[in-house]
Amino acid sequence: MSNSDPNHRTPSPPDPNPMPPSSWAKKTGFRPKFSGETNAADSGPITTPKPKPREPDPNLDLEAGRVTPPPTANGDKALPPPKKRRDSDGVPKTSILSTNGQAPPPPPRRTERHEEVVDGDGFVSRHSHMKYDLRDSPGLVPIGVYGIQQYLSILGSLVLIPLVIVPAMGGTHEDTSMVVSTVLFVSGVTTLLHIAFGSRLPLIQGPSFVYLAPALAIINSPEFQALNGNKFKHIMKELQGAIIIGSAFQALLGYTGLMSLLVRLINPVVVSPTIAAVGLSFYSYGFPLVGTCIEIGAVQILVVIVFSLYLRKISVLGHRIFLIYAVPLGLAITWAFAFLLTEAGAYSYKGCDTNIPASNMVSEHCRKHFSRMRHCRVDTSQALKSSPWFRFPYPLQWGTPVFHWKMALVMCVVSLISSVDSVGSYHASSLLVASRPPTPGVLSRGIGLEGLSSVLAGLWGTGTGSTTLTENVHTIAVTKMGSRRAVQLGACFLIVLSLVGKVGGFIASIPEVMVAGLLCFMWAMLTALGLSNLRYSEAGSSRNIIIVGLSLFFSLSIPAYFQQYGLSPNSNLSVPSYFQPYIVASHGPFHSKYAGLNYVLNTLFSLHMVIAFLVAVILDNTVPGSKQERGVYVWSEAEVARREPAVANDYGLPLGVGRIFRWVKWVGL
């Protein structure tokens, strides 16, 4: 029966040609939501035609984080995720935080460098923003330029650790020069080994800040406080023994395949606070040492901040020199400024000589200004003059390593934390430069080789282990250079440079206050890089917020309890104030009849990164949460990787070595 009411209108059928989803998403600011905690409330009832039933999608891949959103109001197909945008550093970003899973299938043709390729799931090809990918070889000159650039950009991470630990061991400027040359040599060799037979990703190996705190704890052990003659060599041999045992444990984790099982417990919510705690743990060392010559230390920090933040977008010949070279440029400018002050007589006091110890000075005037002269003047070091032009670092150059089980056990735990750090670096770098993330076997192989690399570092005597430098991932993203050929050529250049003794002497001559200023920036960067791993999870989830917050807070509070236990305000300690947190082994709360066990427990629980890791790994693996919410790392499946030539070329071992590992599937493709 027809309706005679003139005001009645028959509902019009749905538009057969609706607005394209991408345009609709751009105009309305649509953001797909995956967490129930962040869904926006409905603004009111809307009458819409009944949505059509959908057929199940056979290509649904929950492991890769590609969840089909619910149908829209008009019954059309769900909107694809919005295309990636670029941030101020040129790195693509998207509102969807679950892109840490499987890579999209490779396109049938190779595209131009700056052409965006969107697959059927709406993901943009990873290579659209990179100048050179993993297997590219653009020519000797570009490779050489980019290779040297990679190492200059992370210069602070390579050379600053010896400038901290050698003086703490009682070493001279000449000892510091020799250790710096050794670090450069071992870093070049281990980088070549890792790229060839490890993960095969363009990651630089070197002394990690993960090893700095336990090294300082061993250096400040009670049994070493009374040493006088050859204190440096004695403590170095103790460090070598501990590093060799801890690194052998790491190699065992990797090559037995245990790491591929352990990695199931390691996700962004675990990696993030663990790495962040490494940077935060040195707050007592940074600015207190800068304050010994505030006019130079503060200038050092400010110059680096201006270069890396305010001038980061300035490009010269296509290179963001101020962002990439913030540390070496800041060091050069501050050093020149300090040199001018020294030559102008700002730190010259009549009748005072910095070569005379303060205890032997007769004049009260000289004793008063001794600290200022020692920290502010740039001509107090004789390392450059005393260094030879040629020196070849060789194994066991400090003597035969000394092995003590209590120090070795501490380093075993530290090597595990180092592996957690490397897992995050492998995943982040593979998303930038490779066709897919590595398989668990490739990851185990990389960790195993890092263990062998640290064994070499222990034999040569660098004072720390060798591991993947987290800062390298940031450099790859900024420079857009992902070619492993460039990093290999840079490693060869580093080896040649290490043979020139004057280079080590020049680096050892950097004034201590400038080292502290650079370290303030480096540790802040390391903290930020650690927290940036949360972008692979739902950072706004209350679950993740609470876990990360608890991990970071207790990583600061629990070690503070151990470090302050048993110390009275009037305690007369034989170490500087900035080293006091590392003498906990002598006064910690554990006091059983087993002195070795007391040493291990007091030392481990005073390390911030250990507490952060324990809290995060327990909570993340016991508190319920979806894979999408946790941001679970999704590694490539071995069977799929073997069938894809691109993945095999990315991670396959060269020179026929891969045939050996065919029978050892847990460390191969």
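We number each residue from 1, going along the chain as drawn.
Quick reminder: no glycine exception, Cβ is built from N, Cα and C everywhere.
Taken from TrEMBL, the feature compositional bias 'Pro residues' applies to 11-21. Per TrEMBL, the feature region 'Disordered' maps to 1-116. The transmembrane segment annotation in TrEMBL covers 176-197, 239-258, 289-310, 322-341, 402-420, 486-507, 513-532, 544-562, 599-619.
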Seminar exercise, completed: Other same-chain positions with a Cβ less than 8 Å from the transmembrane segment (239-258) and lying at least 6 residues past its termini are 211, 215, 218-219, 398, 401-404, 407-408, 410-416, 418-419, 441, 444-455, 457-459, 461, 463-465, 666-667
Exercise. Is the number of Cβ-Cβ pairs under 8 Å between the transmembrane segment (513-532) and the transmembrane segment (289-310) three or more, considering only pairs separated by 6 or more positions?
Worked result: yes
Exercise. Between 176-197, 289-310, 486-507, 599-619, who has the most Cβ pairs under 8 Å to the transmembrane segment (402-420)?
Worked result: 599-619
